[in-house]
Ligand code: NA
Ligand code: NA
């Protein structure tokens, strides 16, 4: 049962990634693209967790943690670039 | 040993002259003269031995593997030649003392002259053909320097270059010829080669050898059609002309023909080429000489003609002809050197060398005139001078020579040449010294001092002596030298003015009579000759070279255009071509390893990656957008690494991606917005084709490899020994810090260097043009005024300790679980960069306590020191050790030197990353500040 | 026991994945940028949270190990997600203000001015010594 | 005490995070984590000036509970909106929330809470730090929503940051 | 292990320590830093000489880093060739270092000394390593250090050329990784000796991939060696580089050649199936083109540095003609020529530097300038350097060419080799005589601006003089050198002994 | 579809994109191209160890199936080196732009096609 649920869940996340990708491609506003990218990161974290569960392996945890911790840095940087041009002032 | 002294004396003089270049002219001349005189004395001391067949020899091994030894000998031919070189050299040195104007750099002049002398002596004495080549090319070089001595004169420079090009080029052909000769004869030892005529002449290489050797000899000896450089070499100071371009260097070609006569002569090829070339040159030179007005030009063309005579004689292939040639070498050296010096005196005293502006000098410069007339008479082949005897011998030999089946062809042409020689010689003697008095630029010229007069006078006496007492003065030497040339016994030699009435005498007398006749009606003949189109060799040569250089420059410029796009296109094309070649030749089929079926998630991720890649390409000039798509690729890569069992790679990828994006955004800030497209559609199509082919190729390689079964390899050992030998369960990390720690050491050094280079690039960017551009820099975008968004700032304050903690954790566990120094360092760096992002450069920089340089330096040192530590224990560099320790309360824990190494890694990585980003941020910040200062507030 | 655990885990998985999907669907279907911002920043909180809980339970039942470190992921996301949303909103406000965006930015229309003196921080730099001004000490 | 342990709460948090990461509670882990929990706050002190005092007692835990509950509830609400509400029927609003909190830490926490609960996003702060700009996805009565935010979150936060 | 046993790692550890130390000290005390830098250079030379002496017994020495035996760990392998290259690099480095300090070039940015030592680290590592991936790493080290050195002094032109140089080499590195990946995929090993064994054992199905791997690998080396047609990056890069740095770079293209000499007979030799002698059919034409294009470049160059760069191209072409026949005798000739070409190329750059420093605004442009101080001295040095570079007697260049001619006789394509060597030499002679007479003989017409702010010190003549003296020594001691070269070539062409030395006789 | 095919085709697409961009005329495009190329090369090098799902090379007694650790170590090294090179390239091209005022990789401009005039 869990196996099926895991695969359904992974399928959902994959679909979510596709939807993010569509928004990223489409835009139209820069804000939309950044949101889409940010969401992709979140979905990627979800996917990593699922991969870990599917494989019965918790060694991927750090990757998810790292992504949660630093994934937003690029989002912020993209935003700051638009807002200020110079991301470090 | 004496031979070695002979060879080295001139070179020692070169060094001495250069060392004393600021000393007096007297000292310079003394040094040079001493070298020549000493050499001459040494030579004479060995003359007896050389002539009696107890040939002095010396061999010093130099390049035994090549067969190039410093092997010298003094056979009669060498003796003759070396004697000429040293004897005339001595006279020229003395003459130069009087000739050079005060203030002219005698040391330079004489050192070049000595360099030349040494090289010539080397040619003469070499008993190894490769050694001879060394000296051969050196003479070209010395000649180049000497012709160009008056470097301010254009004709000197051009003449020098032309001489070097032609004789140096010939020398290169000679190199090929000599090496082939050595190959055919089985040795580079001259004595051996001379005994292998049969082998050489039977070799299929013989024609090539002959032609290449002759190319060397003919260019050096100014044989038609390679003669043209010689007249332009007259731009050299006259002592040089006298020495190099009449007496010695140009005779090196003749010498070479004589030297190799036993092994090369006697064939149809030899006879045909050498005789015809000599004959043609003799006629041509004489003909031109007759109508020149510059004294040195007359002498130059006469030299060409006389050299042709010698070459022709050697071409005949008979012993008697060889004797004639050898004797003429001596004669010509005497009278032609004398004549050049004579011309130099005239030039020196009257300021001109134009025959039309000179005349009647006999009355005011009697001594000069006497020696001039004497020498010219020798050149004309008049009795009782030496020139007469050798000319008689020549005519005698030509009378017996059949060319192209014609018995009369050679004698008639030889007579014609003799006629012309007599004519220009008499013209020189008569027009200059007799008739109406014309004195050039100077009102009352007079005989020069003894320094200028004595050397040519001695030579003129010699020319006379060679006629009056030929057997005494030259007989034994010429006989022995001729024997050396022919390789047989000494010929039955009778050098004498009178041989009775024979065809030669008749031809000679007729020629002289006709010459007188010709001079009598010189004017109309000259007018007629002037109509003959005479190509200006120098102009043609210069134009040809100029055209060649221009064409080559265009081609080379077109090829080496500064274009990265071209560099890369060619590189890709080459790699592609080679890959396709291999694939076509041997086929690259997929293997039979069972594939793994892909999950829908994987397919989606793949799709995302492909779409993002396409998007990056499509959005390439919308740089910001392209970067966002790059982020997607990075994300998918990280996911792929996780899916494919590489957590360390995933961690690294995630962290590196963030840092890279920050870096690119910082740079992007300073680049112009959206630039116009640069390349036209065909170009893009062409690049697209390369790109598609490259992609398919690499993809196929990957496919072929992945579908092949794994092979047992070294990583099995790594797996098995990771825990037991490396003390860690994360095999990737143990590989990085232990099995292949040496790679990692190199890798962090790369990173450290990158940091330094970046610092070096950005540190001075605030100055100069870049600084101005930075100050003028102004973004077109309107920006929000808020610098430090509150929520962001607050979050980073909490994140900093958290991130440092996570980083430390990742560092400590890296040996056993995914992680390690590199990833930890990236996390640390990102944590600090986050502060920069949130709170600005200054704020953060003030609070940072460690410099990047220190981090990089310390990191490399820690890593290296860890490696060196193992030396103390007698283990190789970078040997690790680890142990499990037990402490109360804490329990068991592991300590490994590899972790210390990893600490070094972390320091360097952090230093380099911070260096790159902080430096870049700082410059961006400076630009922003400059912008803010400009804005009205 | 294990059946119940399995059911709980499966339910959490489906819940989490479902919310993640709904969030992303919102990103696609909502009408304009500000609205779209709500999709992911909301649904993914619970979505990921449920998945992480599932993971905790899963590893406990399957491998018999208590892994609580999934909570850390949530912790970091709770710290970072609002910041991302805030910055993206700022980007949007800014872009609308400078006229870089032509289509309607939100159903809500342009944001009202705050009542106090001054404007929103994105449009007017905060002055020193007030809570909104940070990092200039 | 203050010099050794400038931020006890932060230190405690770090220790907990360390133990969570290590995924085990051993003496060795606690000692090692403890070292970091002591060192890191000290080391990062310059990067967090004017740190406000916080109470991590009942007020804080209560606040956490309420937020978690709200997140779960709001998640379902928003999911409903996304799935079934037509775009035209969305009642998106800008809310200008006046704030009484005075430290940036507290304001950030409030804004973060608002963003974490689905349906609302903290979009900006006024330049004087006294208003929060919140975008709400579907709000019938703006004033009521503002009042809810203030009473439910801000008052509690005021107690935490007392 | 005694300290002597660790000698093989010394040429790498010394600069690895010296670079950061000079970096850290340089910021405070320049003099100390320079002294340290020199000390490091001398120590490196001593180590290189000691290694050179050590391999005189013809035994190949292995040093297993981290005590992990080959093929599992990384080994350093010292044979005659490697030791000789170490000596060459150390000698050149000392001379260049001296010149940099004497002319103050090292002060144009404080990172010269660390970069310099890093560069040597990369070179020495590339010479010593017996591991393919490690070779990649050291290539990267020497490349990135060369970027740093190349940009030393900066200027817009240099920066632009720098971008091209860096990018091309990054692409080259990508190719290297692909080639290496293929080798690993086929053989599951990285140790070069082990690779040799395993490549020979590959089945027929893998031959295509093997050939691709071999060709790509050699392509990468060819890129570094500036082999036509992928030499295009080189002339501009070297010409834009500060001459003193370019002088050091003279050995960089030779590293590419070295890598070919090291890997081809060993891994892609007779037993390599489809990859046996892979570069052979392509290398000779490319080498011929290189010699011709190089000397044509010498003829048409507009500046002395550009000319020197083309001379380096020419020398590489000439060298590769000899290498391309893959015979012991020609290889020996090539090795001799390699040494002399490196020194001659460096000498040309240093002479260019000395001339530039005296000609003020005329710099190194091959145009007549007003008389300048030291014209005779620099002119004489230029003459000698040109003689060496073009291969006229009496210097080693001539000997080298003679060796190549002699050894290549009878090899496939020898007439082409001979014709190229001789014809290209003639082009070079014409080129150098034109430029030399323009630079040092011809005076600018009256009224031309006088030379502004020329350097007056004569200290900058010492280094070129030293190089020329070395060239003379190379000529005089040619017998000994050729014997050494022959022995080194014999080792290289006998890969079995290398394999046995690295992997042990048990295998 | 197999994983191997996905990876191989991804490599192909990345290489193609990388080469195409590397051949463009502006430094930033070239940098992007190099980035794509390095992704491709890393993936290639990784794939050379063959693809194994969910068996990270963490040593444990008795484990037989695991991914090849060596290519992973090599890729890690390559990623680090690539990062250093990328950083240097980015900054070098920026500096070059600041110095010369042009971000074109080649000095002489090609004919400019203005297709964004609209
Ligand atoms: Na990212
Ligand atoms: Na909310």
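A Cβ is built for glycine as well, from the same backbone N, Cα and C atoms used for every other residue.
Predicted automatically and left uncurated, TrEMBL annotations should be read as such.
TrEMBL lists transmembrane segment at one of the ranges B:479-497, B:536-554, B:650-668, B:669-687, namely B:650-668. Residues of the same chain lying 6 or more positions beyond the ends of the transmembrane segment (B:791-812) and with a Cβ under 8 Å from any Cβ of it are 651, 819-821, 823-825, 827-828, 830-832, 834-835, 837-839, 899, 902-903, 906. Using a cut-off of 8 Å between Cβ atoms, the transmembrane segment (B:850-875) and the transmembrane segment (B:748-770) share at least three residue pairs, counting only pairs 6 or more apart in sequence.
Contact check: the transmembrane segment (B:358-382) against the transmembrane segment (B:402-429) gives at least three Cβ pairs closer than 8 Å, residues 6 or more apart, which meets the contact criterion. Beyond the transmembrane segment (B:818-838), the same-chain residues lying 6 or more positions past its ends with a Cβ under 8 Å from any Cβ of the stretch are 647-648, 650-652, 655-656, 658-659, 662, 730, 732-733, 736-737, 788-789, 792-793, 795-796, 799-800, 803-804, 806-812, 844, 847-848, 901-910, 913-914, 917-918, 921. Remote same-chain partners of the transmembrane segment (B:748-770), defined as residues 6 or more beyond its termini with a Cβ less than 8 Å from a stretch Cβ, comprise 852-853, 856-857, 859-860, 863, 904-905, 908-909, 911-913, 915-916, 919-920, 922-923, 926. Sequence-distant contacts of the transmembrane segment (B:205-230) (same chain, at least 6 residues past either end, Cβ-Cβ under 8 Å): 136, 139-140, 159, 162-163, 165-167, 169-171, 173-178, 180-181, 183-184, 245, 249-254, 256-257, 260, 264, 267, 269-270, 273-274, 277-278, 280-281, 284-285, 300, 303-304, 307-308, 310-311, 537-538, 541. Residues 3-4, 6-7, 17-18, 20-23, 25-26, 28-29, 32-33, 36-37, 39-40, 43-44, 46-47, 49-51, 55-59, 117, 120-121, 123-128, 130-131, 146, 149, 182, 187-191, 237-239, 242-243, 247-248, 251, 255, 258-259, 326, 329-330, 333, 337, 341, 344, 348, 448-449, 451-452, 454-456, 458-459, 477-478, 480-481, 483-485 of the same chain lie 6+ residues outside the domain 'NADH-Ubiquinone oxidoreductase (complex I) chain 5 N-terminal' (B:65-109) yet bring a C-beta within less than 8 angstroms of a C-beta in it. Beyond its flanks by at least six residues, the transmembrane segment (B:269-291) meets 206-207, 210-211, 214, 218, 222-224, 227, 257, 297-317, 401, 403, 410, 413-414, 416-417, 420-421, 423-424, 427, 526, 529-530, 534 of its own chain at Cβ-Cβ distances under 8 Å. Remote same-chain residues near the transmembrane segment (B:600-619) are listed as 625-626, 629-630, 632-633, 636-637, 639-640, 643 (criterion: CB distance under 8 Å, separation of at least six residues from the stretch ends). Here the domain 'MrpA C-terminal/MbhE' (B:683-763) has a mean pLDDT of 93 out of 100.
Taking H, G and I as helix, E and B as strand and the rest as coil, DSSP gives the domain 'MrpA C-terminal/MbhD' (B:609-672) the counts 53 helix, 0 strand, 11 coil. The helix, strand and coil residue counts that DSSP assigns across the domain 'NADH-Ubiquinone oxidoreductase (complex I) chain 5 N-terminal' (B:65-109) are 28 helix, 6 strand, 11 coil.
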